[in-house]
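Asker: What follows is a single structure, and I will ask about it in a moment.
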Amino acid sequence: MAPTKDFSTATNGADSWDDVADFVTKKGHGVKGLSERGIKTLPKPFHQPLEERFSEKKILERASIPLIDMSEWDSPEVVKSICDAAENWGFFQIVNHGVPLETLERVKEATHRFFGLPAEEKNKYSKENSPINNVRFGSSFVPHVEKALEWKDFLSMFYVSXEETNTYWPPICXDQMLEYMRSSEVLIKRLMEVLVVKGLKVKQIDEIREPMLVGSRRVNLNYYPKCPNRELTLGVGRHSDISTFTILLQDQIEVLHVRKLDDTGNTWVHVTPIAGSLIINIGDALQIMSNGRYKSIEHMVVANGTQDRISVPLFVNPKPQAILCPFPEVLANGEKPLYKPVFCSDYSRHFYTKPHDGKKTVDFALINY
């Protein structure tokens with residue numbers, strides 16, 4: 001067997017795509033493995049195009065996403081705050097959300113445990129080795145179509161059943177992720193009650209509409225190791241989520257940025273983590289179902305030069321067989337539909353066949369009048 005390339009000697013950033021792909025992807029070391037080798041210069045395949053790189057000059061000073069206390073979640077004041085945030089920001093941070101703080105801590109600990117496994121253990125869940133498509137370990141986003149790789153490792157797990165979870169999810173983190181998903185169910189129902197029933201005046205979320213809104217779950221464990229030349233790359237490029245909405249758990253490392261809505265320039269809002277909080281962001285599916293009233297917003301993760309970071313997004317998605325289209329109640333006053341009906345599975349497939357590219361995915365469903 002040929003020896004593994006010593007990336008610690010890389011000084012000119014010119015390492016070939018094949019060398020990096022072999023080490024990061026095929027051997028399962030991930031970008032964590034690169035970082036741990038003490039590289040001083042970022043390998044060339046991670047260099048983002050100039051127009052995609054992030055600059056501190058793009059940050060809008062003294063601005064922040066809304067912070068909402070969910071303890072009185074069904075009060076008129078809180079309902080209005082949530083709906084206003086979904087319309088005007090697409091992102092908001094919540095406290096007193098009902099998910100036990102000890103559950104969140106166990107999730108973060110389990111995430112660190114998984115990424116602390118040897119490369120050969122993590123690589124058992126790679127695209128080539130995983131016994132099931134619903135569990136996937138990898139790096140970047142879709143490396144085979146990206147012109148520049150993102151500085152991130154991930155484990156993605158799509159929930160189907162408890163039986164499949166017990167059989168195929170990594171034992172080192174599976175119980176904690178299941179606990180997190182179960183503990184979030186009440187919060188999910190409350191958000192749907194506020195955003196859909198109260199906000200969009202949909203009469204009820206019945207057995208037909210519930211799968212259309214929240215029929216599936218995917219949880220990702222993300223790891224962003226410290227990065228040399230962090231200004232040259234990104235942890236995650238600018239994109240909007242395709243979910244109904246996403247519940248994001250993150251640590252205290254400040255790297256998440258959200259595009260300012262209705263801004264004609266290229267300015268972003270820095271998201272400051274609050275201990276014990278969760279971040280909610282509206283996804284493309286709910287933007288479509290609300291006929292554009294609620295907004296899925298571009299966001300990105302910048303690389304950090306001194307600290308490792310984790311995040312755990314829980315994607316609350318429509319069922320794959322669901323049809324995405326505006327609710328009839330939203331169009332009842334004669335409002336023209338902005339989006340054509342599309343299968344959720346087709347929309348998702350479109351998203352995963354291209355690199356992150358801002359808000360372009362939603363154009364897949366847009367009606368061109």
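Here, residue 1 is simply the first one shown, and the rest follow in order.
Placed from the backbone N, Cα and C atoms, the Cβ positions cover glycine too.
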Asker: Which single residue out of HIS144, HIS299, HIS350 does Swiss-Prot record at the Fe cation site shared with HIS239, ASP241?
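Answerer: Within the candidate list, Swiss-Prot flags HIS299.
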Asker: Name the one residue among TYR224, TYR352, TYR369 that Swiss-Prot lists for the same 2-oxoglutarate site as ARG309, SER311.
Answerer: TYR224
Asker: Please list, in sequence order, every residue of the chain apart from TYR224, ARG309, SER311 whose Cβ lies within 8 Å of the Cβ centroid of the 2-oxoglutarate site.
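Answerer: Counting only non-site residues, the set is LYS152, ASN222, TYR223, GLY235, GLN250, ASP251, ILE253, VAL255, VAL301, ASN304, ASP308, ILE310.
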Asker: On a simple 10 Å Cβ count over all chains shown, which one of the binding-site residues HIS239, HIS299, ARG309 is most densely packed?
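Answerer: Highest number of other Cβ atoms within 10 Å: HIS299.
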Asker: Given the binding-site residues TYR224, ARG309, SER311, state which is nearest to ASP241 (Fe cation binding site) when distance is taken between Cα atoms.
Answerer: SER311
Asker: What is the maximum Cα to Cα distance, in Å and rounded to a whole number, among the residues TYR224, ARG309, SER311 annotated as binding 2-oxoglutarate?
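Answerer: With TYR224, ARG309, SER311 as the binding residues for 2-oxoglutarate, the largest Cα distance is 8 Å.
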Asker: Compute the centroid of the Cβ atoms of HIS239, ASP241, HIS299, then list the same-chain residues not in that set whose Cβ lies within 8 Å of it, in sequence order, for the Fe cation site.
Answerer: VAL236, ARG238, SER240, THR246, ASN281, SER296, ILE297, GLU298, MET300, HIS356
